[in-house]
Every structure is written in C-alpha cells, then in structure tokens.
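Enquirer: Pasting a structure here, questions to come.
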Amino acid sequence: MKNVLTPRQIVERLDQYIVGQEGAKRSVAIALRNRYRRFQLEDKLRDEITPKNILMIGPTGVGKTEIARRLAKLVGAPFVKVEATKFTEVGYVGRDVESMIRDLVETSVRLVKEEKMKGVKKQAEEQANQRIVELLVPAKKKTQAYKNPLEMLFGQQQENTDHQETSAEQDTLTERRRRMSHQLALGELEDHYVTVEVEEQTPQFFDMLQGSGMEQMGMNMQEMLGNMMPKKRKKRKLTVREARRVLTEEEAQKLIDMDEVTQEAVSKAEQLGIVFIDEIDKIAGKGQQSADVSREGVQRDILPIVEGSTVVTKYGPVSTDHMLFIGAGAFHVAKPSDLIPELQGRFPIRVELSNLTVDDFVRILVEPDNALLKQYAALLETEGIKIVFTDEAVHKIATIATEVNQETENIGARRLHTLLERLLEDLSFEAPDVNLEEIVITPEYVTEKLAAIAKNRDLSQYIL
C-alpha cells in the first residue's frame, strides 16, 4: 500500500483541506488503517475480513464528498463518486448499478497506466528525441520500380532502383544527426516545425449509449471493431516542443505492458477501491407509493454489490468483496431506518456531520491549504494587485454566510463561493485597468456589498 499512515496522521492530513467533522475523519481513518492491518494477516484470515462500510449523514456542503475524495488521494486508491438517483432497477431504461464498479475499474486502469508511463518517461523522451532528429534530418527515400500489379498481388518483392548508400553518405547522415541532436539538447530547436505522423483520434460512435444502460455492450463492440480495422494515422505540423510531448506519449504507450497494467489495475480496484454513493437517502422510502417500490428495487440491486459479488467488466471479472463503500445523504425527509434492513446492515458505521457554524466558516476561508481567500488572492495577484482581508472582514463574510444558510436552504460551505463572487465582482472586473498595488477588504466594504443579501430574505433565495 502507498503511504502507510496511522489514523492520527490521516486525520492530520485531512485537516489540511477540511474543517471540523472530526467524527467522520476518525471513521474513515480507522477504515483505511484496517485495510493495512488486513494485508498483514495470513491469506486464510485475510479473505474473511471485509471492510466496514460507512454511512455519512449530514446536509449538503459540509464535507462528505471531500473527505472521501481526499482519503482516496492520500493512498492513491481508485475512487469513484456516483449518485444513487441515477440508477434504475434491472429491466428498466437507465444505468444499472454494476456500472459503478465498471467505472471504478476504468479509474484504476487510468491510475496504474499513468504510474507506469511515469516510470518509462525518461526512456520514452529519449526515443521521442531520436524520432524528432530523424524527422529534422531525414534519410534519402528509396524509390521502387514499377511492377506488374499481379506480381504485387501475389507478394513478389519489388526491386529497389536506388543504389546502396555508400559509407561516406551514411557517415555524413550520422554526423548531421549528431549535430542536430546536440542542438536539440541545448533547446535551440524548440520553435522549429516538424511534420509528425500521429494516430487519429476519431469520435466514438458508441458514446451515444452512455447513460442508457447499454454502455458495456457498446464498449465491447467498439473494442471488437477497433481490433478488426486498422488505426488511422494523419500528419500534423507541430513545433518541436509539441512534437516531443506527442511522441513521448506514443513511445511510452509502446513501452508499457497493457496486460500487466490491466492485471494490476483490477487487483487495485478489488483491494483498495473506494465507491462513494451520494444521495443514498433519495432511494429510501416506505414502499407506500409506486415510486417507493421502484426505489426499493434500486436498493435491492445495490445490495449484492455492497455485500460482495462478482461484476463482469471488459477487463475480466471483478470482485467487490473488499471494496470500501461510503454512503452519504442529507436524510432531511427520509431516515436511515427507511432503507431496507439488509442494506442498513451493510453500513454498520454511522457518522453524523454537523452543520457549519460562523467559526467553521472563518476557518474554511483562511485555514486549509486550498482556502478560498488564498485562491482569490492568487487570481488577482496575476493582475499585479495584492488583496488583503482583515480579520473583521473575514468574520463578517462568515456571519452573512451563516445567516443566509439559516434563512434559506442550507447549502453549507458552497454558500461562500457565490458570496465571494458577489463581493469581489467589481474588483475582478476593474482589476486590469486600475493601478493599485494593494487593496484591503474591510468589514465596511463587505457590509456595503453583501448586507442587502442578508437583510432581504426574498433576494437571498436567489443567491446560491
């Protein structure tokens, strides 16, 4: 496993990006550490231990998805987020629940492939540079004599009419390429143009099947037809800099073993995969209406995936026995007990995420490594303007965000995005035309720009 961390270290890493929600962080940290512990056991016992899936309960915008996403990044695990409402019962038009596992395997293949390509990048760059030199200093083309078409049909060899290259010509070509290679290494040819033959990226005909529940069939047909028909290549005129990037990727593809990539990716998805099922509360119902019956059907389809089964993908059968499933929902209308009992039992760890307070909003604005105020300051700094928020101004923004959340829909930290856009709208528009080195945002400025939103309930309903 990549980055073996203790639960305390995992929580500390998550604290760099997510404010509060200690209970949820502790639960996912323990779940992750248990995976490492499981790998230390003997094979017989290891197969018996399955992950304890987690159910996160809390309003939108409090960090449910971000906790799961950051957790996956910490360990380099394949991660996929799906919405439970997108799935339909087997036999109906729509995506079937097994597609979430196929998506996870695709993500795993991409991760492993990127990792392998990084490992051969240096060798691929060397080969790409060699190809660029050959394009800049091409060898003489050999012409072929005209032959009877029937002879060509029956595979008879054509005769070269060119004389064999003399050793002097070969030495001259080698010397010219050596000099060109030296210039290339010094970066003197980066803006020169070369004509490169690359594989043509044609639009996928079967993309129309996406979302219809038939994407697996379309994928298999695409692969079958792709293997039967030769890949098209086209010529592109690129600078040496661009050509190196294109050719390096092409050479790296040749250097990696896709069978090995697939095998490793499937194993990674099975042992380390994390599936985040959002809006799981929306498929809960008491079974009194036809819609509730349909939603119950989706729950019953999800059940075997969560409790462990084998899903057929284009990379082969994939077991879900040891994947970690994290369910999440606001549960405003439905309750966790409205889920079918069998599914409730598959999410033994329940974590309730709390609503964000004024202090939480203040911390969200300034503490994380990717804090919103740091992002806006960096954007305006590209215009030569340094923007500074006073502590009082930050507190005022947090207070208004809390008030608007309480008076209208509670959308958590997402409220800050639009408030900051409204606050800095004039400044962002005028920034290229003003000659100011530093601008200080005060609580008075915040009040002037945002007070109307906080006071006017009807208006605040239009502010996301």
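Every residue, even glycine, has its Cβ placed from backbone N, Cα and C.
If you look up Swiss-Prot, you'll see Val19, Gly61, Val62, Gly63, Lys64, Thr65, Glu66, Asp278, Glu342, Arg414 marked as ATP binding site, on the strength of sequence analysis.
Looking at the shown structure, can you explain where the listed features end up?
Expert: The Cβ neighbour count for Glu342 (ATP binding site), using a 10 Å radius and every protein chain shown, is 13.
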Enquirer: Pick out which of the binding-site residues Val19, Val62 has the most other Cβ atoms within 10 Å of its own Cβ.
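Expert: When each Cβ's neighbours within 10 Å are tallied, Val62 leads.
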Enquirer: Please report the DSSP secondary structure of Lys64 (ATP binding site), reduced to three states.
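Expert: It is helical.
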Enquirer: Would you count the other CB atoms within 10 A of the CB of Lys64 (ATP binding site), including those on all shown protein chains?
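Expert: A count of 26.
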Enquirer: Three states by DSSP: which one describes Glu342 (ATP binding site)?
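Expert: It is helical.
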